[in-house]
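Data block below; observations after.
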Amino acid sequence: MEETANKNSENEAATALGAASGGNELSLHPTEAEGSVNAPLFSSLYPSAAARLSACCHGGAKMAVLAYSLGKREINQYFSIKNAKILSLVAVILLTVFHSVSKYYGGGDTCEWLLSSGRFLGDSVWQPYGCMMHKYRSIEAKSCLGHKRVAFIGDSRIRQLFYSYIKIINSDVREEGNKHENIPFEDQSSSVNVDFLWYAEVNNSLKERLVAWTEDTTTKPDVIILGAATWSIKLHSGSSETLNQYRSNLSAIAHILEKLAEESDVYWVLQDPVYEEILSDNRKMITNQQIDLYNDAAISTLNSSKRNAKARVKILSASREAAMETISESVDGLHLPESTRSVGAMVLMNSVCNKILKPIDGSCCSPLPPPNILQKLSAFVFLVSIVIFVALNVLGYKKHHKSKLVSDVESGEEKKPTSAGLAGGLRSPLLAAKLLNREQTDEWKGWMQLVILIYHISGASAFIPVYMHVRVLVAAYLFQTGYGHFSFFWLKGDFGLYRVCQVLFRLNFLVVVLCLVMDRPYQFYYFVPLVTFWFAVIYGTLAMWPQILQKKANDMFVFIGSGFWHMAVLVKLLGLLFFICFFAYSQGLFESVFSVWPISTLFELQGSIHEWWFRWKLDRFAVINGMLFAFIYLVLQKCQVLSEGKGEPLFSTRISNCLLFISVVSFLTYSIWASSCKNKTECNELHPYISVVQILAFILIRNIPGYARSIYSSFFAWFGKISLELFICQYHIWLAADTKGILVLIPGNPMLNIIVSTFIFVCVAHEISQITNELAQVAIPKESGALLKRLLGTAGFLLAILLLSMHGQGRY
């Protein structure tokens, strides 16, 4: 981990020198130190840095430090974020071309990908390449198959598939049917009929059954699944004549199957491998070589006519692909083990039902919905913007402007330009020694965001101890929101409309664009509505009469005493606490308030306010905890109770050691409690009250020791500066299907895929962060008149969006 105490230290050589001489860094202008590693030249360019180098190092060590520092700077000139973005753009273009060519030549039918192309992940999970499977529950299966007939035709292997299929509909079903007879199944609640028909070979009996269905459409199944081969191999000892007869019989029924496929879904199941070593003597002739020959015959014979592309028999090979990895677990060497047997059934359910129910995480066999009017308008705006941008660049028009200070949405502090002067570099180490300084909060947000990303992509939410610790991280984000905004308003007293609009724009710009482009509700990106809501609450609490600021408390100290004003702030916070508790214990009132139009359009998800209620209630005290902590800290700081000099502990040695001991014990106690959680619902009930324990423990552990307080990780701080964009962009760039899956850019190579997608994801998030900051300066003018006009225009724009979205949903 790279550690530093000065965010304005642009020169890496000076940073290394500062570390070697006790951590007192010297900030040099970024355009300096461009030359080669030459001691006289370095001494002439940076006399003070050279003096420090002479004081701390001698001989070879001196030249080693110098060579490392300047060498690192030379490397950074090529491995910059700008070059990384160019590389990511090239990668996106190449991947787009690759997938376009693959789709053109390999077919873009996600149903084929579902049935035949993918990998087995274990525990009955099949992951197709290029699309996602939905895990169907009983109620969904009944809804999809209601009033439908499904027929499974074949031998004992198809019977095994039949039982796996009906267990999705009714998990209580037992395999009690006779081995070589037909087995009916009916779910009366949904009028679903699923039958197993015993036809162990492809022969005239099977042909007659299929012909009967073509002649009597009243008995024809809506879904037909069939397959057979092992009995033919077994009865005729795998002779070549039998294989030829098998191929001939398949040719005789191929056109019948295609005719049935005009109105029904018809699937041919390829034969699974066998585990030859444990086959019984009367099955020894069923070898994998024979099975491959019979599968090849089926693939080459079925759909060979190509008369009607829509009336094709679908080939199911997913269960075979999965069985190749698990057949050694088979009990008899012929039938599938428990770990694989439900793969084929779930694949079939997705193939039949995805196009009907359209689950979010079931993209296989699910056609893309046509773009709505808002998406079309958004595409038009983006196209016009691109044309204007290209035209201006072709004409040579480039607008140069100086970088302005941009307020951070969490802390309320102003972001300094990346190239700071020497004076700024000398002041920064003193600022960095303060509790929860800007660099430290960026570092905190950075590593928390990386943990949350890993948590999402690994699916660790099923592990309750991990889930509870991640809940603390989300609470810590909201804690920082309360701490940062309270500190800003208390110290600066800036309740102006410009400041409010800046924060709201930077929080919501990306989400609003995604809502329009991706056709997602605002509440889908739940963290942004949560932070926006709490910012409005903080603003309203502190801006309403009487506005109590630190300056007012100091000015009135002579007449009334600062204690009075401090007590008034506590009364305000107590009122806010009462407000929170009132809503937390009145769910009906909460839902009635947020169900009123147009507020409901911001907080409803799938027509319900329940998700917003859950998110709000879960961390309802985090923000007020942050506000209270900020107030106590700022008062103690003003009273000079804290020792915030560099390298000094916050309190006296005895008090600092005592608080550190209590913090460590508290931190570990929470972790032990979280590790013992057995039920999410019960632990979530306690979370709002006790999450602050681990948050405060971390803050004290991180800030009481002077050395720990004055350093930070620039690596994590870099991610912290784009944490909001990382959190939002993961929904569509890193993850897939609304966070239910992982975006696959490079099929068949998970490790390389995650490396490439992560690289592109981070570069996009950083670029969006910069774009948002630049647009905030342009879109939010400081002049009151111009700002009010922009706000009226924005209100009209948002109202038009609401009306169009209601029109698209048919809610007029």
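Even glycines carry a Cβ here, placed using N, Cα and C.
TrEMBL entries are annotated by machine, without manual review.
Record features, source TrEMBL:
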type: TRANSMEM; residues: 377-395; note: transmembrane segment
type: DOMAIN; residues: 433-791; note: domain 'Cas1p 10 TM acyl transferase'
type: TRANSMEM; residues: 447-468; note: transmembrane segment
type: TRANSMEM; residues: 503-519; note: transmembrane segment
type: TRANSMEM; residues: 525-545; note: transmembrane segment
type: TRANSMEM; residues: 557-585; note: transmembrane segment
type: TRANSMEM; residues: 618-636; note: transmembrane segment
type: TRANSMEM; residues: 657-674; note: transmembrane segment
type: TRANSMEM; residues: 716-736; note: transmembrane segment
type: TRANSMEM; residues: 742-766; note: transmembrane segment
type: TRANSMEM; residues: 787-806; note: transmembrane segment
Q) For the transmembrane segment (742-766) and the transmembrane segment (716-736), does the number of C-beta pairs under 8 Å, pairs 6 or more apart in sequence, reach 3 or more? A) yes
**Q.** Result, the transmembrane segment (377-395) in contact with the transmembrane segment (525-545) (3+ CB pairs under 8 Å)
**A.** no
Q.
I need to check the long-range neighbours of the transmembrane segment (716-736): which residues 6 or more away from its ends have a CB within less than 8 Å of a CB in the stretch?
A. 1, 7, 132, 363, 409, 439, 441-450, 452-453, 456-457, 506-507, 510-511, 514, 518, 524-525, 527-528, 742-744, 757-758, 760-762, 764-766, 768-769, 772
Q. In the same chain, which residue numbers or ranges, 6 or more beyond the ends of the transmembrane segment (447-468), come under 8 angstroms Cβ to Cβ?
A. 474, 476-477, 674-675, 677-680, 683, 687, 713, 716, 719-720, 723, 726-727, 730, 734-735, 739, 742, 754
